[in-house]
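Read the structure below first, then the notes.
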Amino acid sequence: MSLCRLLLMLAMCCGVSRGSQTLPAGGRRGQRRRDNSAQWSTQQRPEGAVGPAPLTDVVTAAGTRTVPDVDQAGAVLVRQYNLVTSPLGLATLGSTNALLYAAPVSPLMPLQDGTTSNIMSTESSNYAQYRVQGLTVRWRPVVPNAVGGFSISMAYWPQTTSTPTSIDMNSITSTDVRVVLQPGSAGLLTIPHERLAYKNNGWRSVETVSVPQEDATSGMLMVCVHGTPWNSYTNSVYTGPLGMVDFAIKLQLRNLSPGNTNARVTRVKVTAPHTIKADPSGATITTAAAARFMADVRWGLGTAEDGEIGHGILGVLFNLADTVLGGLPSTLLRAASGQYMYGRPVGNANGEPEVKLYMSVEDAVNDKPIMVPHDIDLGTSTVTCQDYGNQHVDDRPSPAPAPKRALGTLRSGDVLRITGSMQYVTNAELLPQSVSQGYFGAGSTMMVHNLITGVRAPASSVDWTKATVDGVQVKTVDASSGSNRFAALPAFGKPAVWGPQGAGYFYQYNSTHQEWIYFLQNGSSVVWYAYTNMLGQKSDTSILFEVRPIQASDQPWFLAHHTGGDDCTTCLPLGLRTCCRQAPEDQSPETRRLLDRLSRTFPSPP
């Protein structure tokens, strides 16, 4: 090998080696690769050179992460709660198939047995929706080894909110989320995720007013005893506790819009000396926590109307010491151990904010307050008043209702009811064409009621010749004789007749055509066809019919008129010099191009 060739090969190798080690301009050494698998829950704004906005001075701190500027709408709070009950025993000794514990899975579950410091009384009250992401239930037995003759079952119903009427073993096995335990055996039941998220991906409403129960709870959990616990050592019925139920629940909480929280305005908490006063009209409590609700225009002192359940009703939450709970009357202890009640603001003689207490929402609606035998001094305690419905007029104004559709603006499917006194006539001047006899009613006494929109008015208040059905003007016909004109309103089939003596419809043999209801031009009369006076010469009658759409055969639709020459009034406005209805050899070039384009756009069916 010559020396020149050897030097050339060495130069090529060195060049390749240097090229592989040299980074191009703007190399990526030291830069982190972007993780394309990351799931972004919020959309972060792009960062500029000096900050999120121009001319923003940025001051950072070493070792401190800047809070990102993101939209918090829909941010999800994740919390885990571990709840445990007191030792559970049979309420009725010797009973079988008894219910030890039953509760809907929701934020209203108590944080500790014996109190109602529930999940809702914590930060979850600031959110609108919750979702049970995971739920594990554990049974911890406390029975001695000598006790037997029974079994424990834990069962979960994902789509129910009430306990079954029978809790025998057949009912327990009707759900596939269950476990049956022998005496003294500990158990663990993990609820499958698909059972917790069976609707709306598991999201449930934190609010309970005007919300179906299945939309405010994730399901029902039941712990039952089957058989009779028997103490073989004493040869008698076992009367002690059987065990405890331990919950491990993982919750997700979210709001549907920023600031949509109960704690914003509608939840007021006051710590002060409080006293529940006994009154012949019901127990009351004077608290500054209710001052905000006294001035609300929605919180009237009258009774709630139908459909207004939850409006005008407060949730009154007490945070009392356990020592005080021992002195509460049983009537208060039944209301969530005396810590959560409902109230309605009443105000006292001194103008102080006062709330009347109730056991439930239904009692508050029906004004059936709690009765206590004497005043109860709560000492310095915390009372929280929150809007049970979270529907203040001041806080969340309701949108104005949409205006009603006018009676003459009809849609197909509208149901009209025409009521009044009618007379059977055969006078041609009072009847439209093709109607030889029928019932005639004066428009001032005939009431027309659109049952779909709720609009009701006399027939004479509408110019029926200008009425429309789905935007199409109704057909008008002349009278059989004379100058009267009638507006013809199409109906599906035969109008139903409702009279004082009976109901039905007129049937004419071999007549299958659609019917019509006729209104005189000024609405002064209503006419409908009847081939006989079977209702009598005069009758107070109602007719009921459904409006059908106006068909092409009902309205005089005409095809466009073409002259076939250069003076076509249909084609000239379209920019064509000659009529398109000409022989192909006589058509202008732009007409042929237009027809060719139309044939490609709208091809003829095969």
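Keep in mind that glycine also has a Cβ here, set from the backbone N, Cα and C atoms.
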Subject >> In Swiss-Prot, the member of ASN510, ASN522 to which N-linked glycosylation site is assigned >> reply: ASN510
Original post:
Any idea which of 28-34, 42-48, 112-118 is down as motif 'Nuclear localization signal' in Swiss-Prot?
Top reply: 28-34
Subject >> ASN255 (N-linked glycosylation site) CB neighbourhood, other CB atoms within 10 A >> reply: 19
**OP:** With H, G and I counted as helix, E and B as strand and the rest as coil, say where DSSP puts ASN255 (N-linked glycosylation site).
**Re:** coil
